[in-house]
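*Asks:* I am attaching a structure below and will ask some questions about it afterwards.
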Amino acid sequence: MNYEQVREADPAIAAALADERDRQEDTLAMIASENHVSEAVLQAQSSELTNKYAEGYPGERYYAGCGPADDVEELAIERAEELWGAEHINVQPHSGTQANMAVYLAMLEPGDRILSLELEHGGHLSHGHPANFTGQTYEVEQYEVDPETGYIDYDELHEQAEAFEPDIIVSGYSAYPREVEFERIQEAADAVDAYHLADIAHITGLVAAGVHQSPVGVADFVTGSTHKTIRAGRGGIVMCDEEYADDIDAAVFPGAQGGPLMHNVAGKAVGFKEALQPEFEQYAQQVIDNAEALGERLQEHGFSLVSGGTDNHLVLVDLRESHPDTSGTVAEEALEAAGIVLNKNTVPGETRSAFNPSGIRAGTPALTTRGFDEQACERVADIIANVIDNPDDEGTIDEAAAEVDALCEEYPLYQGESGITDFE
């Protein structure tokens, strides 16, 4: 984007924005929750809608002058309904966490019970962690993945639900590399008369493209982020059956938020339209193919993957066996110095702290947006392996950085008519 006016008004911010643009162009984004939106989405999110308050919903606003805002939100809803097939969709949440908050506010009372996946096993802060409002407001018990396989043990989850009797069971995760069997979790919820919240923040795009099974029509509530694998404007979304529509809408506004960020809603609408194009299905499948190629190549280098591989957009690497003296933090910092940006991550059975854990998480959505295929991701895996094998060797880091530079030049950002790399 052109920051000419920002440069005139605020050179310091303009410099930071330019630095971020250059950073994204010149490094490989492998944080599994990140992606590169199109220039069309960027423009929509920087539109004059940022000036407009639009409290309420289309046709029922608390302020005048909301005609264009109504048009934008209605288009976002219509496109979301076409993508995911839910009976009712609210596109106003500012984030995936606030989408989850809306469900809790709508359906639970303080002290009610939540059953969710343990954070170090791949869950999320907003699913009941003590540092989050959920852990401070509700009674939370958490399930874990099988320590031997790294998979969710659905039979064990069912038994745990019967013993705990939760009011809501949360599925959907931030660091779980396998396909989620939503129907199995729904069976556990039905057995104890609990609600089922499926948080698909990481896999919204995979679900929309049909390359991951959908919880819509299975779970009572489906929430997600709109800027990860779906590659739309930043924010959140809530989906539910029509019977819960009024409760959810009231929980979003005025329960959890005031005016929606209408410029972000515009970005959502544009991104949803892009995701309705045939090439998006090819993109989503390529994300998975790339993650599989990345993981398999890392295994060839001797790395251990949680669950032994991946079915989705991410791999979770457990360094304890292959590199017992190298923490996820050391690996993250060495890789960033080489131009590969991923994140340290806890692993099941974690023996270190969350700030210096034993694993790293790597995702392929942003690489795939740049046009990476399986062979390119294998090259990335080779670089990752070499750096982690030699995290303190400056020569290794310099060599890796040169390889990353070559990949960034080979697969530049914002190519093609849609503003992202086109897939034929």
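Using N, Cα and C of the backbone, Cβ positions are placed for all residues, glycine too.
Because the structure is a prediction, the values reported are computed rather than measured.
The feature (6S)-5,6,7,8-tetrahydrofolate binding site is assigned by Swiss-Prot to Leu119, Gly123, His124, Leu125, Ser353, Ala354, Phe355, with sequence analysis given as support. Annotation comment: Swiss-Prot describes His227 as site 'Plays an important role in substrate specificity', evidence class sequence analysis. The annotation N6-(pyridoxal phosphate)lysine is assigned in Swiss-Prot to Lys228 on the grounds of sequence analysis.
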*Asks:* Counting only other Cβ atoms and using a 10 Å cut-off, which of the recorded positions Leu125, Lys228, Phe355 scores lowest?
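*Replies:* Among the recorded positions Leu125, Lys228, Phe355, the lowest count of other Cβ atoms within 10 Å belongs to Phe355.
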*Asks:* Can you tell which of His124, His227 has the least company, meaning the fewest other C-beta atoms within 10 angstroms of its C-beta, among these recorded positions?
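*Replies:* The recorded positions His124, His227 were compared, and His124 has the fewest Cβ atoms within 10 Å.
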*Asks:* I'd like to know which of the binding-site residues Leu119, Ala354 has the most other Cβ atoms within 10 Å of its Cβ.
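*Replies:* The most densely surrounded of these binding-site residues is Leu119.
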*Asks:* What's the most sparsely packed of the binding-site residues Gly123, Ser353, counting other C-beta atoms within 10 A?
*Replies:* Ser353
*Asks:* Give the helix, strand or coil assignment DSSP yields for Ser353 ((6S)-5,6,7,8-tetrahydrofolate binding site).
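*Replies:* Its secondary structure by DSSP: coil.
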*Asks:* Rounded to a whole angstrom, what is the C-alpha distance between Ser353 ((6S)-5,6,7,8-tetrahydrofolate binding site) and Lys228 (N6-(pyridoxal phosphate)lysine)?
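*Replies:* Pair distance, Cα basis, whole Å: 27 Å.
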*Asks:* Can you grab the distance from Leu119 ((6S)-5,6,7,8-tetrahydrofolate binding site) over to Lys228 (N6-(pyridoxal phosphate)lysine)? Cα atoms, rounded to a whole Å.
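*Replies:* So the Cα of Lys228 (N6-(pyridoxal phosphate)lysine) lies 19 Å away from that of Leu119 ((6S)-5,6,7,8-tetrahydrofolate binding site).
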*Asks:* Using only the residues recorded as binding (6S)-5,6,7,8-tetrahydrofolate (Leu119, Gly123, His124, Leu125, Ser353, Ala354, Phe355), report the maximum Cα-Cα distance in Å, whole number please.
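*Replies:* Of all Cα pairs among the recorded (6S)-5,6,7,8-tetrahydrofolate binders, the widest measures 16 Å.
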*Asks:* If I take the alpha carbons of Ala354 ((6S)-5,6,7,8-tetrahydrofolate binding site) and Lys228 (N6-(pyridoxal phosphate)lysine), what is the distance between them in whole Å?
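*Replies:* Computed Cα spacing between Ala354 ((6S)-5,6,7,8-tetrahydrofolate binding site) and Lys228 (N6-(pyridoxal phosphate)lysine) is 23 Å.
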